[in-house]
Amino acid sequence: MEELPPKHGAETTKRKVAHSDEHGFSDQVRVPNVIVMVGLPARGKTYISKKLCRYLKWTGFKTKVFNVGEYRRTDANAADAVHGANASFFSPNNADALKVRAESARRAMEDMADYLNSGAGSVAIFDATNTTKSRRKTIIDFCTQKRIRCFFIESVCDDPDIIDSNVTDVKVNSPDYKGLMTAEQAKEDFMRRIENYKQQYEPLDESEGDLLSFIKVINAGRSFKVHQVRGHVQSRVVYFLMNIHLLPRSIYLTRHGQSEYNSMGRLGGDSPLTSDGRKYALALAEFFEEEEVPGLRVWCSQKVRAAQTSQHLKPDFHTEYWKALDEIDAGICEGLTYDDIQQRYPKQSEDRAHDKYHYRYPSGESYEDVVSRLEPVIMELERQANVLVVSHQAVLRCILAYFYDRPLPELPYIDIPLHSLVKLTPRAYHCDSTIYSYDIENGKWSNTSAQLPLCDSPRD
Ligand code: ATP
Ligand code: F6P
């Protein structure tokens, strides 16, 4: 088989033009989107921007965040803006600073338009406060002129506990303060910054334009207001925002224990565990006895080796068996070793080495296919608290790439050894990753705080 089936990812689908909306944009052609954040400081705008960016990239949309604070800090004309901007810089009466802020926003908008109109990306996220109607009008006019679709996300939060913890845990470490003052001074200054913004804050409302599209996220997702959503990207964004939460939790990922096929170097299949694999299954159950994770849910693939790996876990961990967690389908290569494939289908080996992410096994799947079948799993992981996923190498690579924010071409090379467990704990702008490795010989766990590295060749 020489010809591979067409790629089907979000960026690669070509569709015919159909109906167009009031902007003249069709839902069926690729229209660049700008997602514009709105809200007072410490309302989670950067958090949402980064998280959304990671999600959209993982689903195949080339996406980039443009953070106006970073532009401000590199503004050569504003000495105090470069580093250590204190609350007075954000006063509505500080005319010089207002000019610097407008200029920083303008530079970010120009870069966004270049990014989208050059075809380098299809979604740009404009991360700034954008708290005034006039700033938003400038953005809307700019996007209309550049034929870019605009969607606003406003984070509204009046819960003093959330704001206090955002400032204490995250904001005092801002580059605006780092090395310049104590955490207490930084907190005090940041609270004054918020007060300055409040003086000119105009919440989003429908009257700002007939064509305005937005979602308001109220008190970190306790409620939402959604207005005039247009197109695929915007509806995906809304769906995602309605599923994420801020509660502390961890996600654990493990491959099944060693299977009979693993021990022979064969791909796929549905073989049971070897004796080493069974030892790992017991060790895993002991690990979770000791870890005492409240309300742990177990999600397992429907393959025998995964079910056997989870079988000794306490029955009160509710276990669900997901078909979507089954290993990548290697099609005509199922049951073969890599050497067999090289000998029988050399062209397939070559094509796979050339573009492992998009390569689809004849009558089977590509990594890109696996990512798209895992989207409901990611969305459900976002909604849940503590979860243990017992699955397979290719599937876990796709899930890890999401949490690690790794580029899609790297994804098929994340090295996930057998008999190791990854613990992911979401933080404000990233996920902590701890790797627990079980040594079958001495029956002991060891651990290290790191992300799993990339490997050159497939293993086990
Ligand atoms: P600034 O305007 O100073 O850049 P910001 O609005 O971008 O502030 P972040 O830096 O994103 O604020 O704040 C991070 C904190 O926001 C995290 O601790 C996260 O838990 C919290 N957070 C995330 N989403 C929300 C939300 N919808 N409402 C309130 N807080 C949130
Ligand atoms: O105050 C938070 C902040 O992220 C600053 O770092 C940045 O300069 C500013 O918001 C950008 O928003 P504005 O458009 O209001 O200047």
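Glycine residues also receive a Cβ, built from the backbone N, Cα and C atoms like all the rest.
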Practice prompt. Taking TrEMBL at its word that Arg255, His256, Gly257, Gln258, Ser259, Glu260, Tyr261, Asn262 bind substrate, choose the one of Arg193, Arg222, Arg297, Arg305 listed for that site.
Written response: Arg305
Worksheet item: What Cα-Cα separation, expressed in whole Å, is found between Arg305 (substrate binding site) and His256 (active site, tele-phosphohistidine intermediate)?
Response: 6
Worksheet item: Just how spread out is the substrate site if you go by the largest Cα to Cα distance in Å among Arg255, His256, Gly257, Gln258, Ser259, Glu260, Tyr261, Asn262, Arg305?
Response: 14
Fill in: Candidates near ligand 1 among the recorded positions His256, Ser259, Tyr261, Glu327, judged by a Cβ under 6 angstroms
none
Discussion item. What's the number of neighbouring CB atoms sitting within 10 A of the CB on Tyr261 (substrate binding site)?
Written reply: 20
